[in-house]
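> There's a structure below that I have some questions on.
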Amino acid sequence: MDIKNSPSSLNSPSSYNCSQSILPLEHGSIYIPSSYVDSHHEYPAMTFYSPAVMNYSIPSNVTNLEGGPGRQTTSPNVLWPTPGHLSPLVVHRQLSHLYAEPQKSPWCEARSLEHTLPVNRETLKRKVSGNRCASPVTGPGSKRDAHFCAVCSDYASGYHYGVWSCEGCKAFFKRSIQGHNDYICPATNQCTIDKNRRKSCQACRLRKCYEVGMVKCGSRRERCGYRLVRRQRSADEQLHCAGKAKRSGGHAPRVRELLLDALSPEQLVLTLLEAEPPHVLISRPSAPFTEASMMMSLTKLADKELVHMISWAKKIPGFVELSLFDQVRLLESCWMEVLMMGLMWRSIDHPGKLIFAPDLVLDRDEGKCVEGILEIFDMLLATTSRFRELKLQHKEYLCVKAMILLNSSMYPLVTATQDADSSRKLAHLLNAVTDALVWVIAKSGISSQQQSMRLANLLMLLSHVRHASNKGMEHLLNMKCKNVVPVYDLLLEMLNAHVLRGCKSSITGSECSPAEDSKSKEGSQNPQSQ
């Protein structure tokens, strides 16, 4: 595509009236002019695409792909490239031997990987399905219905000191606040605290108790009021679940779709606003910056933001109605893009700076201490500058971020009836969010032609967000491989999913024997049996 010969109308953004606002991959080339990667911090506007897509017209072949002619929607499925990272399963420990052993035949290496690594996506599944109703088959006291300890992820015995916790962590916190708690970590104050290793480091265990919200004032006086609320909430949930169990299987999905259709674009935007995650604070590394200290701060921040991101996704109307497999797959596919989109929004009013957190603001030049991260900083600053040129509004940002999540993985791996129904719900939800974005742009008062141009400009920038996220993922994996920074918990699980996805992508692109090819197809069609 000839970028330099694009019409002049694309070089300057359309005038945008924000006075009517009512609400406060893989490896590829990217076109960034030289003025975007020099030492200056303020970047001019850059033209990305030819005007062929500016009219927002959907090609005729898209209608055929979607199963015949029908009502044309404003969904950006044809403007927005679909990702390649699609993870059918998640591993729960580090894959260090992937980097230590010599390269072998692609399909042989991946086959041995699947047989030797434990298939475990418990962390992500537990967080995604945390507020689902109990199964009618299981009783209220079964483990399937139980809460988990916020400190070590063991089964919780109750609500102690302000959080759900097990008896062991409850007793440990009680001893710590009543006696001496001058514990010292023998390592780097980053020990993993889980069910099996919670006794290995008292200092890190106490630190995590405070991080998850344990407080000294979780006393008997609070317990009575909490029990009343908990008893009422439990009764409401049981009634709600019983009502859902009595409905016929064909009526419930239709009712949920009608509820989503009943939401006006304005109400959907208000819901997205209420779902926004809180700001995460992280201590700024002490000067002078080192590669280890900066990467430690960034990975700790990412791990905390991932927890809030899962809660945010579950508050999007209709997301929890998707199958658990689709929810996990979407989050695995887009988490880095969502984090980077939030970073760009926080940095949009601060040219030349990246606002990772309110207390972690970095200049471009401060990234020189980390090998390879300066290129990612330049890409983030360039794309943020383009959003600034377009005068991105908060309501537009809310819709765009939700679209990143919902459009992150469009090709299902299975063809079961329930999964086909989930894919249909996903497309319906994506169309609803897209219509909300169209409504937000229309409320600005600009002409119809300018509305189409603005919508296309916003959606086309998302491919650059995707490219930056791929570079960021590659860099983080490289840092983990070199043991520059340890990676734990949910961030580790997401990274391992990315590694396994990369192995499967190499299998698809290479020549395999027919027997192995048929086995891989059977495995992809039955992911739950693996």
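Cβ atoms are placed via backbone N, Cα and C, with glycine included.
Keep in mind the model is a prediction, meaning the values are calculated, not measured.
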> Can you tell me which of these residues Swiss-Prot lists as phosphoserine: Ser50, Ser105, Ser264?
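Ser105, according to Swiss-Prot.
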> Which residue from Ser87, Ser135 is recorded in Swiss-Prot as phosphoserine?
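Out of Ser87, Ser135, Swiss-Prot attaches the phosphoserine annotation to Ser87.
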> Which one of 185-209, 210-234, 235-259 shows up in Swiss-Prot as zinc finger?
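In Swiss-Prot, the zinc finger feature sits at 185-209.
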> Take the region 'Modulating' (1-148) and average the pLDDT across it for me.
45
> Where else in the chain does the zinc finger (185-209) make close Cβ contacts, counting only residues six or more beyond its ends and a cut-off under 8 Å?
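Hits for the zinc finger (185-209): 151-154, 161, 168-169, 172-173, 176, 296, 486, 488-489.
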> Let's see if you can do this one: DSSP helix, strand and coil counts over the zinc finger (185-209), in that order.
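Counts, helix then strand then coil: 8 helix, 0 strand, 17 coil.
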